[in-house]
Amino acid sequence: MAAVDDLQFEEFGDGATLLAANPDATTINIEDPSVSFKHQPRPPGSLGREEDEELLGTNDSDETELLAGQKKSSPFWTFEYYQTFFDVDTYQVFDRIKGSLLPVPGKNFVRLYIRSNPDLYGPFWICATLVFAIAISGNLSNFLIHLGEKTYHYVPEFQKVSIAATVIYAYAWLVPLALWGFLLWRNSKVMNIVSYSFLEIVCVYGYSLFIYIPTAVLWIIPQRVIRWVLVTIALGISGSVLAMTFWPAVREDNRRVALATIVTIMLLHVLLSVGCLAYFFDAPEMDHLPAAITTPNQTVAAAKSS
């Protein structure tokens, strides 16, 4: 334990006394304007170089390299390896959702928002929300269309949840897997300037599906024209994100191959959108048909009994 005298304050003498004790000491006049300090204190409220780089986004490369190194530090069979793909904050997720809803012409979604730091948190929950939005909206749509009809008996179609989940998750994972394999194969033949990892492609496809969540809710409106207008708008927004993202990856390839790749991407996207609309919302209600078919038999039986 320290002595009591060691814990007391000690008063130092003035500068003259100190210089007399050590005449060889180096002195600097802080009021001299010709003297510059290497580490000057910043005034309150000012930003340093690191804060400026963070606001301007100039230190993204260092951060992405650090994140990439963290992901490679753990083996792929460990939980910590996959945990890094869900390590995103709310701001990053909202920023990527905003980028998928408001695509910037001529801008690459991966380079602008993902920055070599793909996440699976957004795509997973976007697909899950879309599955329930389509299934619930499809049931409500059929109910509202036949509301008030005496021969209609509403039966909840829970199988639509499993069907929607199979379709959405298969599209969000299998199509990126096939596209990644194709781009990897073409990159071995033609040295492309832009290349994407599998998780970056999954991230792009996952966030591009967000526009269909409000679209599926609005599909409840029992007007076929409104539904097709909504699906056209959703296709235009999400399709432009996919086209502007993957065109730089194939434009250095053969012209026909590049165009065929983009056309295939868009056709699969159209097939998903139109297929969901046609199956979950425009499909005929089978529970309504038997009542209409048995009506003539009931009329004949009533005539015979009379």
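Glycine is treated like the rest: Cβ placed from N, Cα and C.
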* Same side of the membrane for Val190 and Asp282, as recorded in Swiss-Prot? -> no
* **From the candidates Asn59, Asn297, the one which Swiss-Prot records as N-linked glycosylation site** => Asn297
* Asked: By a Cβ-Cβ criterion of under 8 Å, what residues six or more beyond either terminus of the transmembrane segment (120-140) are in contact with it?
  -> 82, 85-86, 88, 93, 96-97, 156-157, 160-161, 163-165, 168-169, 172, 199, 202-203, 205-207, 209-210, 212-213, 216-217, 219-220, 276, 280-281
* State the non-local partners of the transmembrane segment (163-183) in its own chain: residues 6+ outside its ends, Cβ under 8 Å from one of its Cβ atoms. => 123, 127, 130-132, 134-135, 192, 195-198, 201-202, 204-206, 209, 246, 249-250, 261, 265, 268, 272, 275-276, 279-280
